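Colleague: From Swiss-Prot, here are the annotated features:
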REPEAT    157-196  repeat 'WD 1'
REPEAT    202-241  repeat 'WD 2'
REPEAT    246-281  repeat 'WD 3'
REPEAT    282-320  repeat 'WD 4'
REPEAT    327-366  repeat 'WD 5'
REPEAT    418-457  repeat 'WD 6'
REPEAT    469-506  repeat 'WD 7'
Amino acid sequence: MACSCLLMASMQTLPGPGAFRTENGTLYLAFQEYYEAPQDPHNMADALSQTLSNSSLSQTLLSQTLISHTFLSQTLLSNSSLSHSLTLSQNSQTLLSQTLLSQTLLSLLSLTLSHSLKTLSNSFFSLKLFSLKLLDVFSLSHTRTSTREDGGDGQDGHEDRVWDVKWSPTGAVLASSSGDQTVRLWTREARDWVCLSTLEGPQKGTIRSLSWGREGNYLAAASFDSTTCVWEKGPSGFECFATLEGHENEVKGVAFSASGDYIATWFADEEEFDCAAILAEHSQDVKAVAWHPTRDLLASCSYDNTIRFYRADPDNADWICCDTLSDNQSTVWKICFNADGSRLAAVGDDRTLRVYQAFPPGNPQGAALPAHSSIYAPCLRNTLHSAINRLVCSDFAGIVTPSASDDKWKCIATITGQHTRPIYSVDWDPETNILATAGGDNIVRLFRETAVQPDTNTPSYELIGQFQAHDQDLNGLAWAPNQPDLQHRLLATCADDGLHVGNHKS
């Protein structure tokens, strides 16, 4: 089978097939109509290794072009001398990790073949954005793993502590992840919860975090074995169609964007490739991220006590940090947006719940109705691009949320004195706006907004309920979406002692 492939750093014409050279610290390679002959990979590896050993590389650039499976697996990944040579450089800006090269083809594809030209980051604590479209193009996983169908007796629970729970977009299925290295899908039949299927894929470590794609056709699972598995819904159940590899340490979390085009993962690696983007603003470990519910705005929180917001730069499509919140005095463990994206809730080590709201530039104190240069609502996307002089409202149901890319976020409410230990999780009910928090004191607490001061637009919150769902630390919680009954709300919680789904009266 013929494979045409080109790796380059300029538009300069390169030598023929199998040629290698360096110029000004940059490596140039050319492979055109490379045929998968058994002896060729070793010859190419020797030639490339010799070239690298006589050169000092300050920058190695890789293009979008798909690389031959055979070349990668036999030449790059199996040749130890080549792997060693690729780790050599006179500076630390661009290094190809020997560890990465010793892993599978999937690792190199997922890390190097992004939609734009990328290099390694020297940051220790970073976020990574994968493009779901790239996963389809490059077919990162060539081995599909199907689900195992379990019985419907509701007894197919996890065999280890449950780390995360996430509802599907429709609210019909609840996914849970565990230290038993499985993901389980649950649904309600009458008054019982039944395990629909158990997803046992290639991951060999605790599955720490889950995230559903926009329509529920994809489910991403992040594991302590340094991989992220993306499951795709098929006719016979969910299948693992992509495995994102290459992290040197555990993947702490994963989150789909609202558009479904991006997957964010966070971890603490020593050196990382940039995929769609590396967001290296935090100075310490990233604990959680949250995508804005209607646009590609990403928020992250960290051990460095800050919350940061990122968006794509419209001029060059690079992802930039557009705002930083530094009013937390300790680790921020979890963040979440409300249903329309106008507010963000944050909890952390200081046992405090904080609520932030977005305000336009020039309005640091807030106002009853912040005036923006654009209006954002699902039915009004990309419609207004200049200043608003007049606003006319119709009587159709729904909420129109003023929004702008250069909004600044301000803390408008601080709730303290409720939890007695660190708060690890928070979630906003999309229908009732009730905030649920949980943490190390084993107690779930529910908060509701009671009043808004018209001069500053700052709300007050009151505790409306609390209960103990577990006997050990709570790791996560999630409200079920799309519940027509506003009086009875489903809330899933997970802890070291298992999974619990409760029906709570609002």
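Using N, Cα and C of the backbone, Cβ positions are placed for all residues, glycine too.
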Colleague: Do any residues of this chain, six or more beyond the ends of the repeat 'WD 7' (469-506), have a C-beta under 8 angstroms from a C-beta of it, and if so which?
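Modeller: Hits for the repeat 'WD 7' (469-506): 157-158, 161-167, 169-171, 174, 176, 186, 193, 424-432, 434, 436, 438-440, 442, 444, 446.
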Colleague: So which residues does the repeat 'WD 1' (157-196) touch in its own chain, when a touch means Cβ under 8 Å and the partner is 6 or more beyond its ends?
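Modeller: Distal contacts: 147, 149-151, 203-212, 214-216, 219, 221, 223, 231, 238, 475-483, 490, 492-499, 501.
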Colleague: Taking only the residues in the repeat 'WD 2' (202-241), give me the average pLDDT of this model.
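Modeller: Mean pLDDT across the repeat 'WD 2' (202-241) comes out at 86.
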